[in-house]
Amino acid sequence: MARTTRSSAKAAAAPTGTDATDTPAANDTTTATAPASKSRPTKKAPASKKRTRADTDTQDDTADTSKPASRSTTKRTKKSAAKEAADDDDDADMADSTSATTPNDASGSAQAQTDAKDATPPKSKTPEPPAKMVSVLKRGAAPVDPLSPHLVSTHQVYVDDQGEIWDAMLNQTDAMNNNNKFYVIQLLHPSKDKNSVSLHVRWGRVGESGSSQDKGPWSPDRAVQEFLKQFKSKAGTDWSNRETMQPKKGKYMWLERAYGDDDEEDNGKGKAKDEDGPRAKTPEPTLGAELLDLASLIFSASLIQAALSEMNYDANKLPLGKLAKSTILNGFTALKGIAEVLAEPNGAKAAEHGGQRQACIDLTNAYYSVIPHSFGRRHPTIIDRPEILKRELELVDALGDMEIANKIMSDSRPRDADGNPVNPLDANMRSLDLKFIDPVARGSKEWSTIADYMTGTHGATHSNYKTSLRNLFRVERHGETENWNNAGWGDLKNGEKMLLWHGSRSTNFAGILKQGLRIAPPEAPVTGYMFGKGVYFADAFSKSANYCHARQSKNIGIMLLCEVAVKPYLELNDSDYYADQNSKNNGKIATKGVGQAQPGEWQDCSDALDREDLKGVVMPKGGLKQLKPPGAWLQYNEYIVYSPNQIRVRYLLMVDMKYH
């Protein structure tokens, strides 16, 4: 599509808020470029919100409404493109109001998937594909702005003698004014000349390439002063205070980025060339067919990007490989504030901002400034409803697991102990550090029993898809059995341990297998979890299958069957955000959310699966029955444990899911 450009005269008219300090000195050399076009006491949920429908916190009624990725795109007319460019003036936060610039590509990048305010969005006939992940090649301590090809191959980020990395990513969102923008500041120098340092900036709307400008070169000391001036102008605080800064209206937030020690591409798409020459030819994988099928799914960079795009996260502005743990925790903290406002509309938190509505707007802006989202040209979605909050919690939680997958793909050395090259998928699976993961033979008693467990507990309300068992693996993670026994769960009586389902996105499973199922951190809001912060399981297969989002992973879902220490449990008919503490206060080790449809009969796993090591662990026998216990309003049972040591992963399933 043809690019649109402004004349230098028009570009010189900087929008309101452009900083005068950006104007270069008379003797400075200033260039502007634009890249190729890219597109305590019990606290329950309010009664009015509890019983709107059964399983209101789950996907029981709409089992996976996510869109599959599509390669089709929708062209825009020149007229609409020009209008969008004009509408984006507020985001054209220029570095230099006196130099010619090229505005953001008017065509923009791929639109984000579905506005979060639509609970069950209609499917587009021509959905736009997720934006492609940018290849980030790092030379030195940090990667040069990957959207400036004229610099990537020749320059590197300046690091001073104290080890300070002069690189900053800033983000700002103002949902009401449809501002959602980024600002990159870097000090760069030629790879072989550290004494000639330039200031490089890039700015624009999140999800688009934006515009860039280079100023200098100068001496290192002068360049540092220019960087400090530019950072304070945009962030409203000193560089030295960036780690403790708070959001300020009209100013950018600093995003902490993790800096690794490797020189490989950070997106996991490939490895850098070996230092001693071109990389050796990649050998064929040695994994068996079943494991190769699994590895290809959980270590797919394209599926990770599609999942992030579907959740509106912009991985190009804050790549997974550069995602600091503190950023994830800051995301949880921002959502915690929103949760407090939603739970107490007239509370102190809402009053601080002048009421619930304004509080939701302000806190949403703060959240999007920490966790970059791409909404295309649409207004950023205000997080003002529990279902939107829950989706954002899912995103922030998933970022940790996806970051692990990304790190494995980029860190795995494709060589064995003897220095011989190995296939990356072999290396990736090895990096999971599992005690074992072995395919179960088709037609075996184990296979048929677990297949029966699937079909027998597929809920009647989940009739919009059918499933079949694709692959089945026995799994054991290092350390789980030791932690289990040290906690005393091996001493539980027969029937107090259950073999239960857990489902998640396929893109989360590298993290799950590497680190295990985990509890949400203290920074996460309790109101985002129906029965408190814990790990959730089900005895109904389809209850957990709905969390696989299989449409985003080639209609293949990945699920776990775990041995879970659950009895004695606290039975609840209503949601209780503090169920973790209340179950403990009642002398219980878990919570059971009581469902209307339940297994009618249970059996010992040692007999059903021919596994002596599962003696005393029970699993359903036969199908679900509409028992409808008094007071039960959930459709299906849920079991929640509050310590990872109550869990032992026993099986991993790959399930083909065919939607009607």
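Placed from the backbone N, Cα and C atoms, the Cβ positions cover glycine too.
Just so it is clear, the model here is predicted, and its values are computed rather than measured.
So that you can see what the record holds, here are the features copied from TrEMBL:
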type: REGION; residues: 1-131; note: region 'Disordered'
type: COMPBIAS; residues: 1-37; note: compositional bias 'Low complexity'
type: COMPBIAS; residues: 40-52; note: compositional bias 'Basic residues'
type: DOMAIN; residues: 154-252; note: domain 'WGR'
type: REGION; residues: 259-283; note: region 'Disordered'
type: COMPBIAS; residues: 267-282; note: compositional bias 'Basic and acidic residues'
type: DOMAIN; residues: 284-410; note: domain 'PARP alpha-helical'
type: DOMAIN; residues: 423-660; note: domain 'PARP catalytic'
- Note on the structure: On average, residues of the domain 'PARP catalytic' (423-660) score a pLDDT of 96
- DSSP composition of the domain 'PARP alpha-helical' (284-410), residue counts helix/strand/coil, works out to 87 helix, 3 strand, 37 coil
- Query: What are the helix, strand and coil residue counts for the domain 'WGR' (154-252) according to DSSP?
  - Reply: 25 helix, 42 strand, 32 coil
